[in-house]
Amino acid sequence: MGSSQEEGLPCQPSQPDHDTGGHGGPDLEGAGRVSTTPGPPGLLTSHPPADSDDTDATGPPAALLEGLLLGDGKPSPHSTRPGPFFYIGGNNGAAIISSYCKSKGWRRIQDSRREDYVLKWCEVKSRDSYGSFREGEQLLYQLPNNKLLTTKIGLLSTLRGRAWAMSKASKAPGGTQARLGKDATAPTLEDLPWTSPGHLRPQRVLRMEEFFPETYRLDLKHEREAFFTLFDETQIWICKPTASNQGKGIFLLRNQEEVAALQAKTRRAEDDPIHHKSPFRGPQARVVQRYIQNPLLLDGRKFDVRSYLLIACTTPYMIFFSHGYARLTLSLYDPHSSDLSGHLTNQFMQKKSPLYVLLKEDTVWSMERLNRYINTTFWKARGLPKDWVFTTLTKRMQQIMAHCFLAAKSKLECKLGYFDLIGCDFLIDDNFKVWLLEMNSNPALHTNCEVLKEVIPGVVIETLDLALETFQKSLRGQKMLPLLSQRRFVLLHNGEADVWPRLGGSCSLRRRLPPPTRQAKSSGPPTPRAPDQPGTRRPVPPPLAPQRPQLPGPSPDPDSAHDGQPQAPGTGDRHPEQEPSPGTAKEEREEPENARPWGGHPRPTPHAPATLPAFRDL
């Protein structure tokens, strides 16, 4: 999960979360498909491919980006310099991304210090990249503080914070909905039932312990002492560094001797004076997590499922789900084995086996193949619904991913141009219960087997398409839906109905915001207004928090807005894998206690010349 690097600190390039062994250069497989995938009209597709892979010429990215985005793909007539430019740091998916950008006439630059790019995709987050980022003019991959979701401790703390907030709200008079001002009749994602073998039960609140294994932090004394006290040899626990990937630094705890050794090691580290003087030189923080000893097996082998959470836009939030693939071990599962390759499914671990060269195609299954196997092997024997993978499993993964995002939403840094693709790993136990293992920044985008060649390029291309289209619509002040570039991704959360400003946001663009979903009562009907036309500008009082860009238009109907409800394109003829998950997450319409609605005051018009000087001068 995640990366071991701290932002702004000298470090080696991070590795994708798995599947990098043996890769010394850019992955060329699958890259040829990029140019054949049509993008939506007007999304930077009119340029012929550039011949050069690098250039030393410079050009104003704001003018170029506005000319391309707002001029339906045509370069700005005010700029005669080469460009626009893109930068890729690292090899993970570089060939696919580069081919995509070149097909739009963009030119690749190799100097990471240059600031005249329109797209920057890096494996390693850099403080300088965020410091020089020009909001509304550039696209930058990875949210600055995505570690809230993509490190072990970050995700654990985020989920605990959500659980605490929901517990506190539920104790208020009238329950959670009364405290949070909810419409008790509105359908919610977590009000609807979900299917498990043999029974159907309502799931009113998604509780952390139902999808996330019991976990303790070893960097906190009271938590590690609690773990050392409760451990017994009937259990297996797995110890993980908080920010490593590829299975590095992971080991199992199965007996008192191993736990005693870990206890002594943590005490030595705590007593080390260097650790107290310089926390950066201390050992990396770790967690211990209850190991799921009864995983569902495919022909006797352990597997997990990689899915994707896409944050295509942060102003407003546009959050999507996409299927990925199943990852299997080469060896048969033995809970007592000390060989980690039988416990960890990622490709980096499987490549260590001498059998990998011969059997690598059988270590990655498509979701369609997994669905066929479940139908054939377990459908009738375990009383599962038909196509369990594309119905129950899909909906459950969407529920969990939406819950995790909502838990972090108010704390994530959001600027127009930030986007992120996060790999989410799920394990299914032999009772068909779905567990979230971890969420990964910089998910592996290599295509070293046939299934990955079919899955990865499509995921990357649609990620970039959706990031560009949502950026364009937010910049123009247009409504987000429908999205012409949405194909396989399923919409989990449409933030157009969110109450602004958000906590944790740092957006400086000042554009018109829609009224909040819950409006104050008035004696007369609201004044009608064309959906894409700004209202009359009047003086605005000083905001209580930084103003956030959002789209113009009338107040969204809470019964029809897609706030948290997965929406797939072409719902009239939907593949089972695009089955939307039910309802809107109950917490999704929450707002932090100190986040205030605009209270009826008019908001700024869509254009803000003072904050976009390059656009003003055109």
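Heads up, the Cβ atoms here are built off N, Cα and C, so glycines get one too.
Quick look at what Swiss-Prot lists:
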{"type": "BINDING", "residues": "LYS240, GLN246, GLY247, GLN289, ARG290, TYR291, ILE292, LYS302, PHE303, ASP304, THR345, ASN346", "note": "ATP binding site"}
{"type": "BINDING", "residues": "GLN246", "note": "protein binding site"}
{"type": "BINDING", "residues": "ASP425, GLU438", "note": "Mg(2+) 1 binding site"}
{"type": "BINDING", "residues": "GLU438, ASN440", "note": "Mg(2+) 2 binding site"}
{"type": "COMPBIAS", "residues": "57-74", "note": "compositional bias 'Low complexity'"}
{"type": "COMPBIAS", "residues": "539-557", "note": "compositional bias 'Pro residues'"}
{"type": "COMPBIAS", "residues": "585-594", "note": "compositional bias 'Basic and acidic residues'"}
{"type": "DOMAIN", "residues": "82-479", "note": "domain 'TTL'"}
{"type": "REGION", "residues": "1-76", "note": "region 'Disordered'"}
{"type": "REGION", "residues": "503-618", "note": "region 'Disordered'"}
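This view paints the features noted in Swiss-Prot onto the structure.
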{"residue": "LYS240", "record": "ATP binding site", "DSSP class": "strand"}
{"residue": "GLY247", "record": "ATP binding site", "DSSP class": "coil"}
{"residue": "ARG290", "record": "ATP binding site", "DSSP class": "strand"}
{"residue": "PHE303", "record": "ATP binding site", "DSSP class": "strand"}
{"residue": "THR345", "record": "ATP binding site", "DSSP class": "coil"}
{"residue": "ASP425", "record": "Mg(2+) 1 binding site", "DSSP class": "strand"}
{"residue": "GLU438", "record": "Mg(2+) 1 binding site", "DSSP class": "strand"}
Round to the nearest Å and give the CA-to-CA distance linking GLU438 (Mg(2+) 1 binding site) with LYS240 (ATP binding site).
11
Neighbour count, 10 Å Cβ-Cβ cut-off, for ASN440 (Mg(2+) 2 binding site): what number do you get?
26
Distance between ILE292 (ATP binding site) and ASP425 (Mg(2+) 1 binding site) at the Cα atoms, whole Å?
14
Enter the number of other CB atoms within 10 angstroms of the CB of GLU438 (Mg(2+) 1 binding site).
21
Integer mean pLDDT for the domain 'TTL' (82-479):
89
Measure from the Cβ of PHE303 (ATP binding site) and count the other Cβ atoms within 10 Å, all protein chains considered.
22
Cα-proximity to ASN440 (Mg(2+) 2 binding site), 10 Å cut-off, over binding-site residues GLY247, ARG290, PHE303, ASP425:
ASP425
Please identify which of LYS240, ILE292, THR345 has the densest Cβ environment, defined as other Cβ atoms within 10 Å, among these binding-site residues.
THR345
Rounded Cα-Cα span from ASP425 (Mg(2+) 1 binding site) to THR345 (ATP binding site), Å:
10
Other CB atoms, at most 10 A from the CB of ASP425 (Mg(2+) 1 binding site):
22
For the C-alpha pair, I'd like the distance in angstrom between ASP425 (Mg(2+) 1 binding site) and PHE303 (ATP binding site), rounded off.
10
